[in-house]
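As recorded in TrEMBL, the features of this protein are as follows:
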type	residues	note
TRANSMEM	34-54	transmembrane segment
TRANSMEM	75-96	transmembrane segment
TRANSMEM	102-121	transmembrane segment
TRANSMEM	133-152	transmembrane segment
TRANSMEM	172-194	transmembrane segment
TRANSMEM	201-229	transmembrane segment
TRANSMEM	241-259	transmembrane segment
TRANSMEM	271-293	transmembrane segment
TRANSMEM	299-320	transmembrane segment
Amino acid sequence: MDRAHGAALQLRQLPPTSSAHPLTELSFSYKENLIGALLAIFGHLVVSIALNLQKYCHIRLAGSKDPRAYFKTKTWWLGLFLMLLGELGVFASYAFAPLSLIVPLGAVSVIASAIIGIIFIKEKWKPKDFLRRYVLSFVGCGLAIVGTYLLVTFAPNSHEKMTGENITRHLVSWPFLLYMLVEIILFCLLLYFYKEKNANNIIVILLLVALLGSMTVVTVKAVAGMLVLSIQGNLQLDYPIFYVMFVCMVATAVYQATFLSQASQMYDSSLIASVGYILSTTIAITAGAGFYLDFIGEDGLHICMFALGCLIAFLGVFLITRNRKKAIPFEPYISMDAMPGMQNMHDKGMTVQPDLKASFSYGALENNDNVSEIYAPATLPVMQEEHSSGGASGVPYRVLEHTKKE
């Protein structure tokens, strides 16, 4: 009797079967992936709405005499609040889902900006013209949505508690040390060519941004994960690695913004958006695979489908940004070949810049944005010059008419 009772107790104390445990862990993994993906999508959508609200506010107050008039509008403050809310959502998403899943979801902000731009456009188009103008945007949005679906469906399911011990262990692991060695060498070479050799190619600048951005997202995931664990009761703020990661996160984000600002001064914003997204996503996924080992133990088919989703999202973002109008910069000087008689002056050896004993220079126009009047053509004084050839006389030059765009 006692023997039977002891056997019954042993049966009750047996742990759950090994087949049930992986199933529960797998479902929990998918649940965390879904939470992280939804937070990232929500954050990118809200940030896009916030940026468009602030842009609308600045455009509406463009003619205001007070340069800080937008501070007094509720629209601008609403945009600022939504931007902070969206960035908080994106930040929190790194604590739940793998880095390789969250980073490519930046395509959502491009999709949202394209849709918002089409909805709030003020130009009136005929249906055929509208489709011809925005067909690439529609195709790009469709491809980006398909790519996003594949990313979420076939994303890696590696989940690990972001404790101080785990982060320190990953920091000194050989895959990440090898990645850091390659990244530091490549970054130094690119920085040398950019600073010393004036290699201002957009690929060079955006590669610098992407290399810094990969370290930013690695540190963001570590900081976000440790903060979430601390909120849940497992305090992680007493580990020095938390503050090391926080300082690296801020520093890399600041330098990343500096290089982006320099790129925006030389290249079109749509080109920066597409090329930057492709380079940053690719390098960030590589960094996540090296630091957090996102793809360890993943099925080969899942990895291929995830890569296919990335490629489709890349193509969609490229088509969306390719369809945007390029801004034509204002040129404050008159082309020399546009001035009447200038080529004849060169042929006959005449001086291009007569000595007027004044500070006025030919071809220069005053670019004063605060004046709303339209400039009329001004006739410069005639300078008669005698030359040995005797066949050329002074010709009055006129500054080409410049109509200021309101």
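Any Cβ shown, glycine's included, is placed from N, Cα and C.
The structure displayed is predicted, hence computed values, not measured ones.
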Surrounding residues of the transmembrane segment (271-293) on its own chain - C-beta under 8 Å, 6+ positions past either end:
98-100, 103-104, 106-107, 110, 158, 160, 170-171, 173, 175-176, 178-179, 183, 202-203, 206-207, 209-211, 213-215, 217-218, 221, 260, 263-264, 310, 314, 317-318, 320-322
Would the transmembrane segment (133-152) count as touching the transmembrane segment (299-320), if touching means at least three Cβ pairs under 8 Å and pairs must be 6 or more apart in sequence?
yes
Under 8 Å, at least three CB pairs between the transmembrane segment (299-320) and the transmembrane segment (102-121) (pairs 6 or more apart)?
yes
Close approaches to the transmembrane segment (102-121) from elsewhere in its chain (Cβ under 8 angstroms; 6 or more beyond its ends):
36-37, 40-41, 44-45, 47-49, 51-52, 56, 90, 93-94, 134, 137, 140-141, 144-145, 147-148, 151-152, 217, 221, 273, 277, 280-281, 284-285, 288, 309-310, 313, 316-317, 320-321, 323
